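Annotation source Swiss-Prot lists 3-amino-2-oxopropyl phosphate binding site at N6, R17, G191, G212, H213. Taken from Swiss-Prot, the feature 1-deoxy-D-xylulose 5-phosphate binding site covers D8, H9, R44, H49, T99, and the record attributes it to sequence analysis. Annotated active site, proton acceptor per Swiss-Prot: H42, E69, in sequence order, evidence recorded as sequence analysis. The annotation site 'Transition state stabilizer' is assigned in Swiss-Prot to E150. Taken from Swiss-Prot, the feature active site, proton donor covers H190, and the record attributes it to sequence analysis.
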Amino acid sequence: MQLAVNIDHIATLRNARNEQQPDPVTAAAIAELSGASGIVCHLREDRRHIKDRDLERLRESVTTKLDLEMAMTEEMQRIAIRTKPELITLVPEKREELTTEGGFDIISHYDRLAEFIKPVRDAGIEVSLFIEPEEKAVALAAKAGADIVEMHTGPYSLKKRPEDIDAEIKRIRIAASYARDSGLRVVAGHGLNYYNILPFRRIEEIEEVSIGHALIARAALAGMETAVRDMLHLINEA
């Protein structure tokens, strides 16, 4: 299983003092050198952490894969086509939220989704949708022309009772299997950490996990290299 590192909260820390450090681009380079298969950043409409210049510099420096998380807006579509990350991930976005709170509402947005996706894919950029692990959402993602679905693991990360955890893993596994059978690649993310990641090793359809807050929190104390290698050990060797 591969690991994509979300470096948004490096920018959050930098912006807390309106300084130049820590630098998300430097953090991304260390993550790549430590074994990360990709770098994820979310250019939010309010620019609360990653800024436009960060995205430009990341595009110039990332050597693995750059995944731009973004809202489904004309502005973000233009930015994506101009900067050409390897991949965009469409996510829901609310200004008042601390972090993304749920999967992309593909049912409500379906009528304009295929039209939005086509010029992005025509520019040579793959498209992923951050969705709830439900068969209907998977089917609509495939029909709209997505390449990848990212299973929203937030609800799983909040479960405490073993039976609830098992039920959520089963739900994710079923959706992931359906997605792969539908011709989609499957990744997973949101709320995953060093303590709840192990069950995902048993879901063979999931090729990559995307981890941000937990990994950056460990990096703040132990360093980015250690944080990345510790996670890679858990998902591949434990």
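FYI, residue positions are counted from 1 along the chain as it appears here.
Glycine too: its Cβ is placed from the backbone N, Cα and C atoms.
What Swiss-Prot annotates, mapped onto the structure for a quick look.
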residue : record                                      : CB count, 10 Å
N6      : 3-amino-2-oxopropyl phosphate binding site  : 24
H9      : 1-deoxy-D-xylulose 5-phosphate binding site : 22
R17     : 3-amino-2-oxopropyl phosphate binding site  : 8
H42     : active site, proton acceptor                : 23
R44     : 1-deoxy-D-xylulose 5-phosphate binding site : 20
H49     : 1-deoxy-D-xylulose 5-phosphate binding site : 20
E69     : active site, proton acceptor                : 27
E150    : site 'Transition state stabilizer'          : 31
G212    : 3-amino-2-oxopropyl phosphate binding site  : 23
H213    : 3-amino-2-oxopropyl phosphate binding site  : 16
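In terms of Cα spacing, the recorded positions N6, D8, H49, E69, E150, G191 that come within 10 Å of H42 (active site, proton acceptor) are N6, D8, H49, E69. Between the alpha carbons (Cα) of E150 (site 'Transition state stabilizer') and G212 (3-amino-2-oxopropyl phosphate binding site) lies a span of roughly 14 Å.
Secondary structure at E69 (active site, proton acceptor), as computed by DSSP, is strand. When the record's 3-amino-2-oxopropyl phosphate-binding residues N6, R17, G191, G212, H213 are compared pairwise by CA position, the greatest distance found is 26 Å. Non-local neighbourhood of D8 (1-deoxy-D-xylulose 5-phosphate binding site): P24, V40, C41, H42, H49, I50, G212, I216, each in the same chain, at least six residues away, with C-beta under 8 Å from its C-beta. Annotation: H190 carries the greatest number of neighbouring Cβ atoms among the recorded positions H190, G191 [cut-off 10 Å, Cβ to Cβ]. For R44 (1-deoxy-D-xylulose 5-phosphate binding site), the nearest neighbour among the listed recorded positions (N6, R17, E69, G191, H213), judged by C-alpha distance, is E69.
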